[in-house]
Amino acid sequence: MWLLLHVILLTEVKDFALADSSMVAPLCPKGYFPCGNLTKCLPRAFHCDGVDDCGNGADEDNCGDTSGWTTIFGTVHGNVNKVTLTQECFLSQYPQHCYCRENELECVKADLKAVPKVSSNVTLLSLKKNKIHRLPVKVFSRYTELRKIYLQHNCITHISRRAFLGLHNLQILYLSHNCITSLRPGIFKDLHQLAWLILDDNPITRISQKSFMGLNSLFFLSMVGNRLEALPETLCAQMPQLNWVDLANNGIKYITNSTFLTCDSLTVLFLPRNQIGFVPEKTFSSLKNLGELDLSSNMITKLPVHLFSDLHLLQKLNLSSNPLLYVHKNQFGSLKQLQSLDLERIEIPNISTGMFQPMKNLSHIYLKTFRYCSYVPHVRICMPSTDGISSSEDLLANGILRVSVWVIAFITCVGNFLVIAVRSLIKAENTTHAMSIKILCCADCLMGVYLFSVGVFDIKYRGQYQKYALLWMESVPCRLLGFLATLSTEVSVLLLTFLTLEKFLVIVFPFSNLRLGKRQTAVALASIWVVGFLIAAVPFTREDYFGNFYGKNGVCFPLHYDQAEDFGSRGYSLGIFLGVNLLAFLVIVISYVTMFCSIHKTALQTAEVRSHIGKEVAVANRFFFIVFSDAICWIPVFVVKILSLLQVEIPGTITSWIVVFFLPVNSALNPILYTLTTSFFKDKLKQLLHKHRRKPIFKVKKKSLSASIVWTDESSLKLGVLSKIALGDSIMKPVSP
């Protein structure tokens, strides 16, 4: 029966491998896939999205990854063993707490300490979850008709070399979840018909070829969760019919060219979650029938270029979660029948479309980043289907993001243009400060232009983004947008720091001569723009070191929090955000705290303390909102960068929310905080409105200097705070004792 099963499986393998080539499908453009037997083609984004876009449901068929032999094996095995049993018991002798049905006996959780005596015609014996610790000599010798034995969860520590003597008809043996430390040579020598041997979750540290002596018909060997550090020199020497081997979650450190040399029948090989560091080039050369290979979660850093050259029938390959440093361009060139390829958590710096082109039957691929999916336009299902920003359909995958990018861009541009216009029309006493504010608004306007551009390209690629994703991220417009966003961000940060320090000197040291003149201020502002330009332009100077610095995501912003990013890109991004920007943020926070403390101290020293309470509250409120807006903008970025340093996995959606919602906060709020809400602006606006409403009846006469009220634009208290200060009280002298 098991030989028949083996023949069926091999037939299924070859038929399944050729199935796709026999199907006639319409020719579709790159990135599009057929709707079954219809002439209609749809892009990848419309396949397996839960919606019948084809009209015949073909776009929602075969969405699950059923390649490999798990499904085929389960189906065939299920059909062979599907037998309906009656409730009648054919056993005359068995323990009281056991359940009998025909010739099968289940003694689960029966508190047994040894194999019980039962009728010799038993065919299935289940002794799971008992207290059996030893299997002595000939313990099953009376039960020559046994076909299945289940001994899981017993903590068996000792198995006699002759424990299974005489079980010539045994087909399935479960010894998983026990305390077996070794397999003695010849322990299975009488089990010539055994097809399944399951030894999962045992502390077995070593096995040899002689451990499996006699297993001529073994089809399935599972040793998951053991403590193996090495495999026998030739694993299949005593198991010529071995078809499926599962050695997951062990401590295997190496495999050699001879390990699977005699495993001609092997179709499934699982070796995930081990400690394999290198796989020799000829390791799998004899596995001509291999259909599924899993090498995931090992320590493999390098793969020989011809490692898979003999695996012509391989349909499923899993290499995910390995610290691979390089993937050869022709690594998968011979895998013509491959249908599923898993490369999750693997950085491929030399990725190209040619690397995957030979795999014509590939239907499922799993890659590290959504960006990589643009290199496999011929694959129907590519995961991840989004990077949190973009999807296969749209540059901005989230509907909220699509709307918000326009709203925030509009607020940012209109607010800053309004401030520039108003500041140009209204004459202020402090012209240098007004100039600084207008320059700040220019920098913030660039962020609005960046967001508008992202919105425009989102509309341009709507519904077909994946088709153009690679071209877009490598394009000049994308790089220019990234440059523009970085320039805006850095110039804005440096300008805010400059303005903060300028006011810090005015408030904390009111009697010093540390003041910048108009020319000095102009030089400082020009220098800030030059520095910001250089910071944003440096990645263009060495593309071999920085890579495509601005083209790592659809919005072209260089947050770079992924561990596997190019070292140059990631290091430079860290230098910008955790170097320049974090330092600037700390300077701003400390300066405002010091300024508030200085104002508070000065107020307490005046004679009219109560008159200053309301003013202090106003100052405190405005200082709070200035610092709070900076915190909203930068703290999320700092947290993300610090978490990336700690190697914490960060969801891809983070970038989109930071770029659309958090980073533009300062650009959108700066006009409000520094101009539109100030008393200076309000009063000047009222004056302009009055001029348009009525003609002046009389001219205001000049008053004496001591009683005059002077309008000041940020001249004494804070950045963005304007107030009327009587000149006589503006210099707050200490109260004499």
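Cβ atoms are placed via backbone N, Cα and C, with glycine included.
Taking all protein chains in view, 11 other C-beta atoms sit within 10 angstroms of the C-beta of ASN37 (N-linked glycosylation site). DSSP assigns ASN37 (N-linked glycosylation site) to coil, not to a helix or a strand. Among the features that Swiss-Prot reports, N-linked glycosylation site is placed at ASN37 (among others).
The feature N-linked glycosylation site is assigned by Swiss-Prot to ASN121 (among others). Less than 8 angstroms from the CB of ASN121 (N-linked glycosylation site) sit PHE90, LEU91, ASN103, GLU145, each of them six or more residues away in the same chain.
For the repeat 'LRR 1' (121-142), the model's pLDDT averages out at 94. Summarising the annotation, Swiss-Prot assigns repeat 'LRR 1' to 121-142.
Taken from Swiss-Prot, the feature repeat 'LRR 2' covers 145-166.
According to Swiss-Prot, the repeat 'LRR 5' annotation covers 217-238. The DSSP breakdown of the repeat 'LRR 5' (217-238) into helical (H, G, I), extended (E, B) and coil residues amounts to 0 helix, 3 strand, 19 coil.
Here the repeat 'LRR 6' (241-262) has Cβ contacts under 8 Å with residues 2-3, 6, 9, 69, 73, 216-235, 268-287, 294 of the same chain, all six or more residues outside its ends. Residues or ranges marked as repeat 'LRR 6' in Swiss-Prot: 241-262.
The N-linked glycosylation site feature in Swiss-Prot is assigned to ASN257 (among others). Here ASN257 (N-linked glycosylation site) comes close to PRO280, GLU281, LYS282, THR283, SER285: these same-chain residues lie at least six apart in sequence, with C-beta atoms under 8 angstroms from its C-beta. In the three-state DSSP scheme, ASN257 (N-linked glycosylation site) is classed as coil.
DSSP assigns ASN318 (N-linked glycosylation site) to a strand in the three-state reduction. Around ASN318 (N-linked glycosylation site), taking its Cβ as the centre, 22 other Cβ atoms fall within 10 Å, counting all chains. If you look up Swiss-Prot, you'll see ASN318 (among others) marked as N-linked glycosylation site, on the strength of sequence analysis.
The repeat 'LRR 10' annotation in Swiss-Prot covers 337-358. Under DSSP, the residues of the repeat 'LRR 10' (337-358) split into helix, strand and coil as follows: 3 helix, 3 strand, 16 coil.
Within the same chain, the residues at least 6 positions away from ASN350 (N-linked glycosylation site) whose Cβ sits under 8 Å from its Cβ are TYR326, VAL327, LYS329, listed in sequence order. Taken from Swiss-Prot, the feature N-linked glycosylation site applies to ASN350 (among others).
Per Swiss-Prot, the feature N-linked glycosylation site maps to ASN361 (among others); the stated evidence is sequence analysis. Classification of ASN361 (N-linked glycosylation site) by DSSP places it in coil, neither helical nor stranded. Over all protein chains present, the Cβ of ASN361 (N-linked glycosylation site) has 18 other Cβ atoms lying within 10 Å.
Among the features that Swiss-Prot reports, transmembrane segment is placed at 400-420 (among others), with the record citing sequence analysis. Only residues 6 or more beyond the boundaries of the transmembrane segment (400-420), in the same chain, are considered here, and those with a CB under 8 A from a CB of the stretch are 389, 394, 437-438, 441-442, 444-445, 447-449, 451-452, 454-455, 458, 656-657, 660-661, 664, 667-668, 670-672, 674-676.
As annotated by Swiss-Prot, transmembrane segment applies to 439-459 (among others), with the evidence given as sequence analysis.
Here Swiss-Prot flags 479-501 (among others) as transmembrane segment, drawing on sequence analysis.
Among the features that Swiss-Prot reports, transmembrane segment is placed at 521-541 (among others).
Marked as transmembrane segment by Swiss-Prot: 576-596 (among others).
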| query | Rounded to the nearest angstrom, how far is the Cα of ASN361 (N-linked glycosylation site) from the Cα of ASN318 (N-linked glycosylation site)? | reply | 16
| request: For ASN37 (N-linked glycosylation site) and ASN361 (N-linked glycosylation site), determine the Cα separation and express it in whole Å. | output: 17
| request: Given the cut-off of 8 Å on Cβ pairs that are 6 or more apart in sequence, determine whether the transmembrane segment (439-459) and the transmembrane segment (654-674) share at least 3 such pairs. | output: yes
| Tally of helix, strand and coil residues over the repeat 'LRR 2' (145-166) according to DSSP? | 0 helix, 5 strand, 17 coil
| message | DSSP on the repeat 'LRR 6' (241-262): how many residues come out helix, how many strand, how many coil? | response | 0 helix, 3 strand, 19 coil
| said: What does the DSSP secondary structure composition of the repeat 'LRR 1' (121-142) look like, as residue counts for helix, strand and coil? | reply: 0 helix, 5 strand, 17 coil
